[in-house]
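Student: Features from TrEMBL:
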- ARG90, ARG100, ARG128, ASP227: substrate binding site (BINDING)
- ASP227, ASP251, ASP255: Mg(2+) binding site (BINDING)
- GLY285, SER286, ALA287, PRO288, ASP289, ILE290, ALA291, GLY292, LYS293, GLY294, ILE295, ALA296, ASN297: NAD(+) binding site (BINDING)
- 2-356: domain 'Isopropylmalate dehydrogenase-like' (DOMAIN)
- TYR135: site 'Important for catalysis' (SITE)
- LYS195: site 'Important for catalysis' (SITE)
Amino acid sequence: MKIAVLPGDGIGTEIVAEAVKVLQALDLKFEMETALVGGAAYEAHGHPLPESTLKLAKEADAVLFGAVGDWKYDKLDRPLRPEQAILGLRKHLGLFANFRPAICYEQLVGASSLKPELIAGLDILIIRELTGDIYFGQPRGRRIATDGHFPGSEEAFDTMRYSRPEIERIAHVAFQAARKRKAAGSEGRVTSVDKNNVLETSQLWKDVMVEIGLQYTDIALDHMLVDNAAMQLVKAPKKFDVLVTGNMFGDILSDEASMLTGSIGMLPSASMNANNQGLFEPSHGSAPDIAGKGIANPLATILSAAMMLRFSLNQGAAADRIEAAVKSVLEQGLRTADIYSAGTTRVSTLEMGDAVVKALK
Ligand code: IPM
Ligand code: MN
């Protein structure tokens with residue numbers, strides 16, 4: 001089992017170190033190799049995703065990723081900015097299916113900004129298409145407008161596009177995930193989110209979802225416009241089971257959903273390609289404002305490592321063990337700053353990692 005470890009920038013190095021520690025405590029045989037990515041790689045090699053890093057990622061069974069980005073790179077040309085590293089990895093590894101579960105742990109019900117009764121027991125799964133849409137659509141750029149509201153003035157444009165096969169494959173991922181969850185006691189429903197009242201891409205999205213849905217008669221399918229979905233997520237989040245949507249809407253809705261759980265510091269994610277090769281990263285960013293202070297929450301990354309074991313490395317039992325250990329440290333009242341509340345014990349990034357290792361034993 002070969003794992004490419006790409007810590008990246010900001011808190012990335014701190015949280016990935018804790019996840020690696022947890023993996024090493026499992027008594028499984030891993031080959032782990034670390035490489036630079038993002039701003040760190042730009043500093044060392046002049047590019048956020050050097051050839052050597054990409055090669056390592058391609059050859060690995062799975063990639064454990066921290067986070068990339070820092071404000072100090074905002075002025076660089078876009079191809080050199082840290083974010084291009086994660087976009088490049090998604091593109092070159094074909095990681096089209098992004099799983100972002102939002103689970104509210106019982107012990108953290110009070111840490112959410114929503115009323116406890118709205119989120120207690122929350123367990124929903126956002127599936128975001130990750131290699132299409134306005135993120136990657138061509139053409140894009142800047143030019144002088146020849147039409148529109150202000151001909152003759154500078155304009156910028158991006159292209160939102162989706163092809164039928166792109167939608168079909170993410171639809172299958174969503175229905176199959178809903179089926180798995182149903183077997184474990186969930187409702188068995190897919191909510192497809194789009195903006196078909198305005199956008200052609202969304203109309204095709206909806207049409208294809210309906211077609212593929214016919215192959216999954218055991219799973220219910222409903223549709224929601226993205227603005228309404230944003231509202232329903234804070235109004236009645238538990239009504240969702242699997243939410244599937246495009247790249248742009250999924251980016252926004254998954255950040256929104258993360259806050260239902262108390263802290264974005266708790267949310268893992270998996271980005272998968274058709275060969276079960278995956279990239280696993282916390283849903284949060286590099287948080288340069290708290291980098292180097294040892295206060296970041298490593299649990300999202302540790303839970304991402306658990307997803308890696310289950311999704312890419314066929315080690316479901318080890319994944320269960322990590323998840324149980326995370327529950328146990330929360331039960332012990334251990335909290336990093338982002339989830340701290342009166343009456344609990346505040347711990348550092350390192351102490352949290354150590355506590356998970358101890359709970360594993
Ligand atoms: C995410 C991030 C990325 C995205 C950025 C860093 C390019 O926000 O993984 O959600 O927009 O997809
Ligand atoms: Mn995002």
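Cβ coordinates come from backbone N, Cα and C, glycine included.
A TrEMBL annotation is a machine prediction, not a hand-curated record.
Are these features on the surface or tucked inside, and what touches them?
Tutor: For ARG90 (substrate binding site), the count of additional Cβ atoms within 10 Å of its Cβ stands at 20 [all protein chains shown].
In the three-state DSSP scheme, ASP255 (Mg(2+) binding site) falls into the helix class. In sequence order, ILE264, SER283 make up the list of same-chain residues 6 or more apart from ASP255 (Mg(2+) binding site) whose Cβ falls under 8 Å from its Cβ.
Packing around ASN297 (NAD(+) binding site) is summarised by its Cβ count: 28 other Cβ atoms lie within 10 angstroms of its Cβ, all protein chains included.
In sequence order, LEU87, ASN247, MET248 constitute the residues six or more apart from TYR135 (site 'Important for catalysis') in its chain with CB-CB distances below 8 Å.
According to DSSP, LYS195 (site 'Important for catalysis') sits in a coil region rather than a helix or strand. Counting every protein chain shown, the number of other Cβ atoms lying within 10 Å of the Cβ of LYS195 (site 'Important for catalysis') is 21.
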Student: Counting Cβ neighbours within 10 Å across all chains shown, tell me which of the binding-site residues ALA287, ALA291, ILE295 comes out on top.
Tutor: ALA287
Student: Could you say whether, by DSSP, ALA287 (NAD(+) binding site) belongs to a helix, a strand or a coil region?
Tutor: coil
Student: Pairwise over ARG90, ARG100, ARG128, ASP227, annotated as binding substrate, what's the top Cα to Cα distance to the nearest Å?
Tutor: 26
Student: TYR135, LYS195, ASP251, ALA287, ILE295, ASN297: which of these recorded positions put a Cβ within less than 6 Å of any ligand 1 atom?
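Tutor: From TYR135, LYS195, ASP251, ALA287, ILE295, ASN297, counting a Cβ under 6 Å from ligand 1 as near, the near ones are ASP251.
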